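*Asks:* So Swiss-Prot has the following annotated:
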type     : residues : note
MOD_RES  : 2        : phosphothreonine
TRANSMEM : 41-61    : transmembrane segment
BINDING  : 118      : chlorophyll a ChlzD2 binding site
TRANSMEM : 125-141  : transmembrane segment
BINDING  : 130, 143 : pheophytin a binding site
TRANSMEM : 153-166  : transmembrane segment
TRANSMEM : 208-228  : transmembrane segment
BINDING  : 215, 262 : plastoquinone binding site
TRANSMEM : 279-295  : transmembrane segment
């Protein structure tokens with residue numbers, strides 16, 4: 001019985017061992033088990049985006065031209081979201097909407113769901129790749145944990161937000177100008193810039209940029225000299241094995257500048273990890289809140305006083321009026337299927353209109 005069990009286990013492991021050996025072999029481009037998810041999904045997501053921006057119109061879903069074929073450029077081309085009438089359909093090529101007709105599938109916006117879902121799984125595959133490689137070379141998994149932040153933002157903006165709304169139609173289209181339009185939409189309909197989660201996201205991203213600049217400059221400033229060259233690249237050997245800069249000197253410098261400084265490298269680098277990752281996580285949470293139509297700060301007392309007193313105005317009340325203008329223009333332009341008609345007196349006016 002023992003011999004039979006042993007033989008069974010050996011046969012079971014043979015195929016797995018062969019695949020494991022091939023997938024995790026040391027090569028120029030590591031594949032790994034995560035690569036089985038990453039590479040196909042990344043290939044399909046990028047391929048779908050290039051196909052859509054090159055050939056596919058958004059006339060049937062948004063009433064827009066969105067491809068190079070129609071005269072768009074890199075900044076104005078996009079893979080647009082499906083029509084609002086299609087709600088949250090996965091828009092499978094073989095589904096009831098397209099019924100296997102590739103042209104019809106593209107016209108309906110099927111490429112958007114294709115790119116969004118493959119893109120999400122591709123990003124997850126890339127995070128798993130970092131986990132897998134870290135385990136292989138016996139590193140801690142903080143790279144993968146950090147990469148969870150942009151994944152959280154992508155999933156919240158492109159998937160969770162439209163799931164909370166009436167359909168994929170309200171997600172961002174995949175294009176530069178399309179993303180800008182989505183940002184304006186977020187401001188006009190959700191007052192996103194006054195949302196505390198957005199504030200935390202901005203603080204995280206800009207704070208991380210500041211930390212990165214300070215850290216890079218400090219390390220360059222405190223490098224040990226090991227050459228006679230006149231500049232950084234000639235004077236320092238990029239392959240020296242020992243410590244290359246002085247933490248003690250850096251600590252003394254910033255202690256004199258600010259009165260406080262990081263005392264060790266672990267705390268310093270953890271802080272550089274913590275600031276941007278937490279900021280992105282918080283902004284992702286904020287977008288989940290917007291999916292449920294949770295409101296940002298409302299200073300109603302200022303709105304009431306501004307309505308009663310023509311001479312009283314704050315930056316907040318001015319922004320509220322701007323948001324109303326955005327909504328009045330965008331609702332009719334953005335949602336032609338609703339046949340929204342606003343009286344002329346409620347539309348904002350300006351020199352360009």
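Placed from the backbone N, Cα and C atoms, the Cβ positions cover glycine too.
Just so it is clear, the model here is predicted, and its values are computed rather than measured.
Describe the structural context of these features.
*Replies:* Residues 67-70, 72, 77-83, 106-109, 111-112, 114-115, 118-119, 121-122, 125-126, 169, 173-175 of the same chain lie 6 or more positions beyond the ends of the transmembrane segment (41-61) yet place their CB under 8 Å from a CB of it.
For residue 118 (chlorophyll a ChlzD2 binding site), the count of additional Cβ atoms within 10 Å of its Cβ stands at 21 [all protein chains shown].
Cβ neighbours within 10 Å of residue 130 (pheophytin a binding site), excluding its own Cβ and spanning all shown chains: 19. Residue 130 (pheophytin a binding site) falls within a helix when secondary structure is assigned with DSSP.
For the transmembrane segment (153-166), same-chain residues at least 6 beyond its ends with a Cβ under 8 Å from one of its own Cβ atoms are 81, 84, 87-88, 116, 119-120, 123, 172, 280, 283-285, 287-288, 290-293.
If you draw a 10 Å sphere around the CB of residue 215 (plastoquinone binding site), it holds 16 other CB atoms from the protein chains shown. The secondary structure of residue 215 (plastoquinone binding site), as reduced to three states from DSSP, is helical.
Outside the transmembrane segment (279-295), and at least 6 residues removed from its termini, the chain residues within Cβ reach (under 8 Å) are 148-150, 152-153, 155-157, 160-165, 186, 190-192, 195-198, 200-205, 207-208.
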*Asks:* Give me the Cα-Cα distance between residue 143 (pheophytin a binding site) and residue 262 (plastoquinone binding site), rounded to a whole Å.
*Replies:* 22
*Asks:* On a C-alpha basis, identify the one among 118, 215, 262 that is nearest to residue 130 (pheophytin a binding site); the candidates are the binding-site residues.
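*Replies:* For residue 130 (pheophytin a binding site), the spatially nearest of the binding-site residues is 118.
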*Asks:* If you measure residue 215 (plastoquinone binding site) to residue 118 (chlorophyll a ChlzD2 binding site) at Cα, how many Å is it?
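*Replies:* Residue 215 (plastoquinone binding site) and residue 118 (chlorophyll a ChlzD2 binding site) have their Cα atoms 36 Å apart.
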*Asks:* Report the same-chain neighbours of residue 262 (plastoquinone binding site): residues 6+ apart in sequence with Cβ closer than 8 Å to its Cβ, ordered by sequence.
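*Replies:* Same-chain residues close to residue 262 (plastoquinone binding site) (Cβ under 8 Å, separated by 6 or more) are 251, 254, 268, 271.
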